[in-house]
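S.K.: Below are the structure tokens for one structure; questions will follow.
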Amino acid sequence: MDTESNYSGYSYYSGRSRGSHRHGERSRDRHKSRSKDSRSEKSVTINTPPAEPLLGDSAVRDEPVQDDNWGETTTAVTGTSEHSLSQEDIVRITKDLEDSVGLNCRRYFTLTLAVILGLLVFLTPLAFLVLPHLLWPEKLQTCGTACEGLFISVAFKLLILLLAIWALFFRPPRASLPRVFVFRALLAVLVLLFVISYWLFYGVRILDSQDENYQGIVQYAVSLVDALLFIHYLAIVLLELRQLQPCFSVCITRSTDGETRHYNLGQLSIQRAALAIVENYYRDFPIHNPALLSASKSRAAKHLAGLKVYNVDGECPAAPAEGPGNNAAAGLAHSQSRALIAAAARRRDSSHNELYYEEAEHDRRVRKRRARLVVAVEEAFTHIKRMQEEEQKKAPGDVMDPREAAQAIFPSMARALQKYLRTTRQQHCHSMESIQQHLAFCITNNMTPKAFLESYLTPGPTMQYSRDHWLARQWTLISEASVTSGLKDGTVFLLKCVDFSLVVTTKKIPYIQMSEEYIDPKSHKFVLRLQSETSV
């Protein structure tokens, strides 16, 4: 007997246990089918700089957060044998191997390989020039003026190559991508094969034969440096210039509140496009506020809750029994369900008035508390000006620090600011320490009250707030296609965060064809003939 049996009647749902049992079986079947379909998805992770979770009020902190790895930890019964490997198993094994290596170890390992390859590239031309002097110095011909000029050419070209590689490759990493950057890996392999081929030719044609023409050896080293400069130019084209021309228009929609932005991207892989989208998200999207979402959910639950149907004529059976009375109970349950649906429809038709007046009252309260806040801040800044005028008359050692001035005037505006932030549900985005720091910054730079209030009256992008208020430590990229493949028309992928996800849809920019139409200048000219008898 459930809690509904304490009433004089019984609920609609307690009278349909058999139907709910069959519905549960159908829902389990649909869950199994969805779990089979979800095995085709691949999820990878993009790591961003570490940050603490957002500290909000108790209502926000107590909300359960769904695990990001729920897709990998779900158990599904399949028809494959115990010795077979599905696509999901391969993706999971790859992910486990990557996680076992560690993000920092992988980053340092990549940096170590890049440094070793760079040293090999720079030391190879110098080794080509030094080895003949160490192995057969008595057989070498004298180096003339042209040969000494080639020394200067090699030195300056190596310096230019060093600066170019430092500017292009040795930059601080913006993020840790889940897969290898294909073009950078191809360039590294190309450089390695190129240097190895030069060493093989050098060992066979120069070291074995102990070539005496030192000018030819110097020219051989110069040709290697020239080829390395051309490879660096190819790297600039593939890594930087290729993606500049916009080819795709991506639409980014936040799953919780529907905030949408559009960007134009070039020829990028899915993981590189995801990195660009995350960077633009922190700059352009307003900060995610789960408190506003919880308010809308509570309002909807309040409007739809409290509808029950009772049987005032009969008794509440504990469980429907098999027999002739079962059909009567089913008919009664059907009639009660129709009554429940009709009552919900009537209440839904009248609930828009309640929602309208509730939103109007909320807007009125926000405007009222905003006006109080503006007045309090203006009075506080006026007090600061008076304090500055008084301090100019004092000795230089008695001048108040901007931090002390902010702490002195903050209590006069703290109550109004606290009420406004609670009304607009922004109290979890601003701490007392951050507000005082912002106030001290405005006092130091002689900013107006309006400039101080702009950060609180208008919710800004995520980058405006401190790093401690960023919601996610990492982003998970979910894509059916390989993340190293390029963007295509209709590509859809997800960027999951702790509390929300970004749904990205890709559209190819259409080919634009322009035509020219010539208009004869004489075709739109006219002659005005005036007669003397008219009034014109």
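Sequential numbering from 1, following the chain as shown.
Cβ coordinates are placed from backbone N, Cα and C, and glycine is handled just like the others.
All annotation found in TrEMBL is predicted automatically rather than curated by experts.
Note that the structure is a prediction, hence the values are computed from the model and not measured.
Sharing the features that TrEMBL gives for it:
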| type | residues | note |
| --- | --- | --- |
| COMPBIAS | 7-17 | compositional bias 'Low complexity' |
| COMPBIAS | 18-34 | compositional bias 'Basic residues' |
| COMPBIAS | 71-83 | compositional bias 'Polar residues' |
| REGION | 1-83 | region 'Disordered' |
| TRANSMEM | 108-130 | transmembrane segment |
| TRANSMEM | 150-169 | transmembrane segment |
| TRANSMEM | 181-202 | transmembrane segment |
| TRANSMEM | 217-239 | transmembrane segment |
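Could you place these features in context, so I can see how deep they sit and what lies close by?
M.R.: Taking Cβ pairs closer than 8 Å, the transmembrane segment (108-130) reaches residues 101, 151, 154, 158, 161-162, 165, 169-170, 188, 191-192, 195, 198-199, 202, 217-218, 220-222, 224-225, 228 in its own chain, all 6 or more past its ends.
Cβ atoms under 8 Å from those of the transmembrane segment (150-169) belong to residues 114, 118, 121-122, 125, 129, 215, 218-219, 221-222, 225-226, 228-229, 232, 235-236, 239-240 of the same chain, restricted to positions at least 6 beyond its ends.
Listed as Cβ neighbours of the transmembrane segment (181-202) (distance under 8 Å, sequence separation of 6 or more from its ends, same chain) are residues 113-114, 117, 120-121, 124, 128, 220, 224, 227-228, 231, 234-235, 238-239, 269, 272, 484.
Long-range contacts of the transmembrane segment (217-239) within the same chain: residues 121, 124-125, 128-129, 132, 143, 147, 150-151, 153-154, 157-158, 160-161, 164-165, 168-169, 183-184, 187, 190-191, 194-195, 198, 202, 206, 211, each at least 6 residues beyond the stretch ends and with a Cβ under 8 Å from a Cβ of the stretch.
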